[in-house]
């Protein structure tokens, strides 16, 4: 029985298979209870995201956990085994710490996974499938993830186009809170840009899209204003920042439109970030004195530099997870030592109580007290030295001098 981590992720399986092993929010409570019943400790946590499904169990057998996963989702066991990774004990601990720190993510160092790990732990607590070991493991993991964030630069540099666009705006404007932003398009990239802007305190966001309904649907989540592409000339003069990402085959913003907007702004600077391919903003806009135009190529060069920086930070983070996983295993081993001592004491007391009861019965039946005491001492001695004697005999026969030396030291034989 071991501490085990079983998983499937974006590196080992296709989207189709990842969808099949995923757990819905409605099913995960009962699923964890079912999984926990397969462990000796009753401890289990299921982490299920779009990129990974992982099972963490204490006092479990890895093969049995995989069999449970196959049975639960009615999947072929061999197909599942081909895409599954297994970690035990320290390797399992380190894997969880790496996952929570973003070291195993599709985007290196992404912070969202830590929240997902925390949510999985909360769900397990609610299901009653955690105890001392899993509780300590996950609490330590959260501390390690925080340590990685504070002691390395793994999360400091932008590695997505959306994040890079917002990061560029932060470098140009001392604060984004007072800026007015015009977003053109309503796809996934623009939605992610809007999220990053909101996270940075931007209060005024206008979303322009060819389909007004799509823009309105997106704006509900960000308290933004939706407009059509035809309304852009009316709103452009108010925009300090313009970020565009559409699928339009022709430019949406021309030099003339931007030039007119800048005159209305009395030549206050405007940052324009064109994420689209082909371009949404005419290249000539960059020739205007108060327009600062950046394209997706400019962002990619920033992302490449930042990815190199993250990889360097990841090397430092790997050392942290290695050290902290070893410390956790030391704690776990000490816990097991305490359990072993308790079991040994309990076993000895059971033997003592059994033999004392037998001796008292003989005395009650009129047995000779001296003979009863001698017999008690002999029986107690024989029972207590039986297991150590067997261990010494096996070590001697096998020529295992290391074990023999350890046994002699434990039994205090070298003191005489």
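Quick reminder: no glycine exception, Cβ is built from N, Cα and C everywhere.
Per Swiss-Prot, the feature substrate binding site maps to 49, 50, 51, 52, 105, 110, 111, 112, 116; the stated evidence is sequence analysis. What Swiss-Prot lists as active site, nucleophile is 50, and the listing cites sequence analysis. Residues or ranges marked as site 'Important for activity' in Swiss-Prot: 95. Residues or ranges marked as NADP(+) binding site in Swiss-Prot: 185, 186, 187, 188, 189, 190.
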Neighbourhood of the substrate site (49, 50, 51, 52, 105, 110, 111, 112, 116): other residues with Cβ within 8 Å of the Cβ centroid, in order?
102, 106, 113
Sort the recorded positions 95, 105, 111, 190 by C-alpha distance from residue 50 (active site, nucleophile) and give me just the closest.
105
How big is the Cα-to-Cα gap, in Å, between residue 116 (substrate binding site) and residue 95 (site 'Important for activity')?
15
Secondary structure at residue 95 (site 'Important for activity') (DSSP, helix/strand/coil)?
helix
With an 8 Å cut-off on Cβ-Cβ distance and a minimum sequence separation of at least 6, pull the same-chain contacts of residue 185 (NADP(+) binding site), or say none.
208, 209, 244, 245, 246, 247, 276, 280
Using the Cβ centroid of 185, 186, 187, 188, 189, 190 as the reference point for the NADP(+) site, which residues of the same chain not in that list have Cβ within 8 Å?
183, 191, 192, 193, 218, 245, 246
Return only the integer: C-alpha distance in Å from residue 189 (NADP(+) binding site) to residue 49 (substrate binding site).
20
Cα separation, residue 95 (site 'Important for activity') to residue 111 (substrate binding site) (Å, whole number):
16
